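Annotated in Swiss-Prot:
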ACT_SITE  Glu324  active site, proton acceptor
ACT_SITE  His325  active site, proton acceptor
BINDING   Tyr127, Gln188, Asn211  NAD(+) binding site
BINDING   Ser234, Gln256, His259, His325, Asp358, Glu412, His417  substrate binding site
BINDING   Gln256, His259, Asp358, His417  Zn(2+) binding site
Amino acid sequence: MEIVFEDFQKALSKIKLLRENANIIEETVQRNVSEIVRNVRESGDEALSFYTKKFDGVKIKEFRVSEEEEKRASMFVENSFLEALQEAKKNIISYHEKQKRQSMFDCASEGIIRGQIIRPLENVGVYVPGGTASYPSSVLMNVLPAKLAGVKKIVMVTPPREGGIDPHILVAASLAGVDEIYTIGGAQAIAALAYGTESIPKVDKIVGPGNLYVALAKREVYGIVNIDMIAGPSEIVVIADETGNAKYIAADLLSQAEHDERATAICITTNIELAKKVEKEIERQLETLPRSEIARESINRNGAIFIVPSIDEALQLSNEIAPEHLELHIKEPMNALAYVKHAGSIFLGPYAPEPLGDYLAGPNHVLPTSGTARFFSPLSVDDFVKKSSFLSYTEEALRDVQHHIVELANKEGLHAHARAIQIRFEEEE
């Protein structure tokens, strides 16, 4: 892992280059995704079967997971896993319940009523990755906010594999309250949820993380359905001063690096000695890490330690990066919170490591990446509702303001708009 001594602008340029390298998308991948989406839209289940055999090596007769298979799954999971899942569910619910909002009813003045109605989405599709790891935690993080919002039907898709779906995923889905589960993955699953097929119902919104093909497919179908966000590779920035613990920092950087070779792990510190210790500690921990090959590639390609003169400059640099995860291993981290403008999720102090947020604390782990924390937010209850405004005016209330409306409409050249107001107050013949 490279230790970099640069001024602010050079450091920022280097970080941007790291991110750009992590987000390079080959044109052939985009073309492949577009073709998959088009074929699923046109051929439905036939295309799903073809791509499932091609990419997953599995021939599936029935895409939907039976209730019997869901029930059997509990026989193959450990009690300790169930206890952990239930604790996570409790915390996720208690946190997200506080995000719920009420409809608004405003009697602005005599004869005027206006407001906003908040209603849940009717159908939501949740993508749960398979790939190199299984993510029961993603089931809870994506499904529970939707349930709290009041979504009527939640459909889950997850890639098939020999021997069936991981029972831990099925148990998590049952605990969270998923209504239907289908064994499809990749871009073809996203297309199926967006357009519907003979077997897969069309949904109103698709949420959940996935690989590059999934992310590009979500971008492709956005507008046909809504999506949560287009997630890039995982990323973490750790800001540390001389009080930082090198073992903790190295472990936290590797916790993101093990996700994906394209993940980004960056440490920004004011202390050169700590930087050297973190570098050595990363090498030491990599030796025993089960997913060391992935993590090492990520660290070598997209990892770095930056030396800066002050924590203020470290925070400025982090704000320019707008990372998915930001850890503050500094004195009085709570005091620095006010200066963090852009980050998906912020972890304060040495005993609030990123995996705490990933699994158990309650805040959502579906977070904006690739600098989009400047304008996107973590997944929340708000993502599963829609809002409609309403208004009511009496004849007298409209009469009082008619001249303003006519003036504005005529100024914009929309004379039928003006006429729609004027006609209500003309003398009837």
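Glycine is no exception: its Cβ is also placed from the backbone N, Cα and C atoms.
Distance noted between the C-alpha atoms of Asn211 (NAD(+) binding site) and His259 (substrate binding site) is 11 Å. Separating the Cα atoms of Asp358 (substrate binding site) and His325 (active site, proton acceptor) is a whole-number distance of 10 Å. His259 (substrate binding site) carries neither a helix nor a strand DSSP state and counts as coil. Among the recorded positions Gln256, His259, Glu324, Glu412, the residue whose Cα lies closest in space to that of Tyr127 (NAD(+) binding site) is His259. When secondary structure is read from DSSP and collapsed to three states, Asn211 (NAD(+) binding site) falls in the coil class. Residues Ser234, Gln256, His259, His325, Asp358, Glu412, His417, recorded as binding substrate, reach a greatest CA to CA spacing of 55 Å.
Take the mean position of the Cβ atoms of Tyr127, Gln188, Asn211, the recorded NAD(+) site; other residues of that chain with a Cβ within 8 Å of it are Pro129, Val157, Pro159, Gly185, Gly186, Ala187, Ala189, Ile190, Gly210, Tyr213, Val214, Ala217.
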